[in-house]
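Visitor: OK, TrEMBL features for this one:
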ACT_SITE  B:His96  active site, electrophile
ACT_SITE  B:Glu144  active site, proton acceptor
BINDING   B:Asn12, B:Phe13, B:Lys14, B:Ile149, B:Gly184, B:Ala205, B:Ser206  substrate binding site
Number of protein chains: 4
Amino acid sequence: MSKVKTPIVILNFKTYLESSGEKALELAKTLESVSYESGITMAVAPQTADIFRINDETNIPILAQHIDPISPGGHTGSNLLECLVEAGINGTLINHSEIQMKLADIDKIIKGSKSRDIFSVVCTNNIESSRAAATLNPEFVAVEPPELIGSGVPVSQAEPEVVEGTVNEVKRINKNIDVLCGAGISTGDDMEAAIELGASGVLLASGIVLAKDPKEALLDLVSKV
Amino acid sequence: MSKVKTPIVILNFKTYLESSGEKALELAKTLESVSYESGITMAVAPQTADIFRINDETNIPILAQHIDPISPGGHTGSNLLECLVEAGINGTLINHSEIQMKLADIDKIIKGSKSRDIFSVVCTNNIESSRAAATLNPEFVAVEPPELIGSGVPVSQAEPEVVEGTVNEVKRINKNIDVLCGAGISTGDDMEAAIELGASGVLLASGIVLAKDPKEALLDLVSKV
Amino acid sequence: MSKVKTPIVILNFKTYLESSGEKALELAKTLESVSYESGITMAVAPQTADIFRINDETNIPILAQHIDPISPGGHTGSNLLECLVEAGINGTLINHSEIQMKLADIDKIIKGSKSRDIFSVVCTNNIESSRAAATLNPEFVAVEPPELIGSGVPVSQAEPEVVEGTVNEVKRINKNIDVLCGAGISTGDDMEAAIELGASGVLLASGIVLAKDPKEALLDLVSKV
Amino acid sequence: MSKVKTPIVILNFKTYLESSGEKALELAKTLESVSYESGITMAVAPQTADIFRINDETNIPILAQHIDPISPGGHTGSNLLECLVEAGINGTLINHSEIQMKLADIDKIIKGSKSRDIFSVVCTNNIESSRAAATLNPEFVAVEPPELIGSGVPVSQAEPEVVEGTVNEVKRINKNIDVLCGAGISTGDDMEAAIELGASGVLLASGIVLAKDPKEALLDLVSKV
């Protein structure tokens, strides 16, 4: 799987208790079932410790939340690409605002991902860094203005010019790169607005993970696509 | 399991390909079998992605290689204590020389480990930092002079005074803390020397992980205890 | 100057505009003059770029805000002990909560400071980490509960047991180490309370740096000692 | 000074004792005198503690080795742009391989530098990261393959295609950005080769700092331009 069908919904599980361990597995199954029902591609980015069993018990595409820019060897405590691939990832987030990376390391992980046929989603904070990320040729760029992350205020409505500008600049560098819209997304209106601005999908987290009824929230999310 | 029986052999899998994924599971089973045969406690510290299935398929004690000093929430890419406990850890390495921690964070992780009834092994680089670590009351202090890590030269022979001094200083702070001997350990002679210097076991990695025949190397390791 | 006379007031200039460049020099001169008037030892911890000229134009003791745990060589962008000593420091903060250090590096910088005859002030966040820091034998331990930093609520009143407990534990490890009280200190009452709890002085920042009239604030600070 | 005349020689003082304190000042004066004699622009990137007095006693352009991506406030131990500007910098290195930065922070520092009218030199490790850096519109990109830094083997001879490729890609993004050639440069032949490959100058360090006679080494460096 070097690329996935868009539009796509990627759910970042972060390190919430509501998306850890047994609950991570349940949530992944919920996404899988909504994906079947709606026909919209959905993927999960669980904690590293939960990747193996989600892969074992579901067919949903799985992303690592982070891969360390290391080669095999003496790197105690790091996340090795090869080990994550064997555990079952199909893609990876790179440079999420909560675990940002050095420029050279973003380049290294994108290249490593391509060599293992997994897709990469580089997270960025504005138009300028999105354009820079695009020159490194990941499959996706996910733009998330940091002030909106976890805010409940969707970037597609608060700063539509950031989404639109990112789409334009990224496509100008490489038209094969898809742009995702992150930060504050949680409803069907948010996702619809993102798609209309040129995004190929959304990257979201707390809006679904902490929802009273995640299945209902997911169904609403994709209701207008 | 708040404490394990000593003497103990802890094998740090680091991020070697030889101890990743399927091979991590095999290696854990090898340790488990040598532990049964020899009666010596053995524990493994695999990569995070491999914890779940090693716990699922063996009964060997498992340590995390690293836990991040976070609370549940928005910490993409981090290793959450609660998630690791659910995946199956019984203890954790803390402050390994390849992923050293801030002083306040070492304190935080030791306290968190106690609250979850898992044992903590703080890695240190010399007598002074071992004494400092001991004041934080972990179950184990593992002293590893950095220049000997991966060297094949055992600390128990190259710098016996470091092991002996660490045992004395740590026990003076808290006699219930056990000292492990790391760095360069691989043979039965090395382990025997460590025990004679007052250590309660060894923490090792490449000497076993990269051995031609890890089972034979493990049998040799514990042959003189 | 391997040690300074106590009680002592150390002012951390941090990176406020009000304590940068020309204003850093003025502020240092203000402390120098209040120190002469009051007879209380005062020292400043300015930004690295301001050390040379403060040393050139005043006689006040100067601390580095941070020293990197490096040896001379290829470490672009780092703060080298030898260079800072030549610029004029007499001591250094270590492990401030805004730039915390690994345990082994705290040990390294304390040893390096002793070798250059400058005094070290290790910042800590609670009783446990203060005790750990004390085993490394700095000249001072400055305890600052992180939740009170910049709060205006003095630790000496909000959590007197932390100050008292730190003094007891630190003195039990090494009675020659002096304890400073940080976090939220700004008035004469705060400093008086700190001294009564066994502290040998205070480490403070915004309460003075951002004061309408820093000289008046300093005079008030030492008015009850 | 928002831009400097090219060709340019930038000497990174790093943290060598040979370029610290009094010796940093002497070295800066040496560069200044060779610059006058040769007519080639020369600039220095000394340690932060030495910026003020080099600015005070010479007229040579000065770069910071690193600026932290902070705003004024509570950031103990950090290098604040405003403070460095007041100390006398005219430009800054950004993302040197020894102190690499996150993508968003590179963007932030370039923007901050422009707002203060100082020029920025972004260091990169290969063609891809050079292209990414160029999209952020610094005045210079300095490409330094990490394996050649401090090697004595000049990139202009060992990997001319990296220099040429970087010049092409950077100019394609923004033709106003100049490319510097770093890593292993020390002789007149090295600099000549760099210029012929399209570079606008060189960024160098140990080849001059540790030279027996830095003045002679500098004169040789610019002898063929």
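One-based numbering along the chain as shown.
Each Cβ is built from the backbone N, Cα and C atoms, and glycine gets one as well.
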Visitor: Fewest other C-beta atoms within 10 angstroms of its own C-beta: which of the binding-site residues B:Asn12, B:Ser206 fits that?
Guide: B:Ser206
Visitor: Using C-alpha atoms only, work out the spacing between B:Ser206 (substrate binding site) and the residue listed as 'active site, electrophile' and round it to an integer in Å.
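Guide: The residue listed as 'active site, electrophile' has its Cα 14 Å from the Cα of B:Ser206 (substrate binding site).
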Visitor: Compile a sequence-ordered list of residues in the same chain as the residue listed as 'active site, proton acceptor', six or more apart from it, whose Cβ lies below 8 A from its Cβ; state 'none' when nothing qualifies.
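Guide: Listed in sequence order: B:Ser97, B:Cys123, B:Thr124, B:Asn125, B:Val155, B:Gly182, B:Ala183, B:Leu203.
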Visitor: In whole Å, how far is the residue listed as 'active site, electrophile' from B:Asn12 (substrate binding site) when you measure between their Cα atoms?
Guide: 10
Visitor: I'm trying to understand the geometry here, so how far is the Cα atom of B:Lys14 (substrate binding site) from the Cα atom of B:His96 (active site, electrophile), in Å to the nearest whole number?
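Guide: So the alpha carbons of B:Lys14 (substrate binding site) and B:His96 (active site, electrophile) sit roughly 10 Å from each other.
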Visitor: Around the C-beta of B:Lys14 (substrate binding site), how many further C-beta atoms are within 10 angstroms, looking at every protein chain?
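Guide: So the number of other Cβ atoms within 10 Å of B:Lys14 (substrate binding site) is 27.
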Visitor: Express the distance between the Cα positions of B:Phe13 (substrate binding site) and B:His96 (active site, electrophile) as a whole number of Å.
Guide: 12
Visitor: Given the binding-site residues B:Ile149, B:Ala205, and counting only Cβ atoms in the protein chains shown, which has the most within 10 Å of its Cβ?
Guide: B:Ala205
Visitor: Report, in whole Å, the straight Cα-to-Cα distance of B:His96 (active site, electrophile) from B:Gly184 (substrate binding site).
Guide: 15
Visitor: Measure from each Cβ of the recorded positions B:Phe13, B:Glu144, B:Gly184 to the Cβ atoms of chain A, and list in sequence order the residues where some distance is under 8 Å, or 'none'.
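Guide: Contact set vs A: none.
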Visitor: Between B:Ile149 (substrate binding site) and B:His96 (active site, electrophile), find the distance joining the two CA atoms and give it rounded to the nearest Å.
Guide: 11
Visitor: How many Å lie between the Cα of B:His96 (active site, electrophile) and the Cα of B:Ala205 (substrate binding site)?
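Guide: B:Ala205 (substrate binding site) has its Cα 12 Å from the Cα of B:His96 (active site, electrophile).
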Visitor: Let me know how many other Cβ atoms fall within 10 Å of the Cβ of B:Gly184 (substrate binding site).
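Guide: For B:Gly184 (substrate binding site), the 10 Å Cβ neighbour count is 24.
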Visitor: Under a three-state reduction of DSSP output, how is B:Asn12 (substrate binding site) classified: helix, strand, or coil?
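Guide: In three-state terms, B:Asn12 (substrate binding site) counts as strand.
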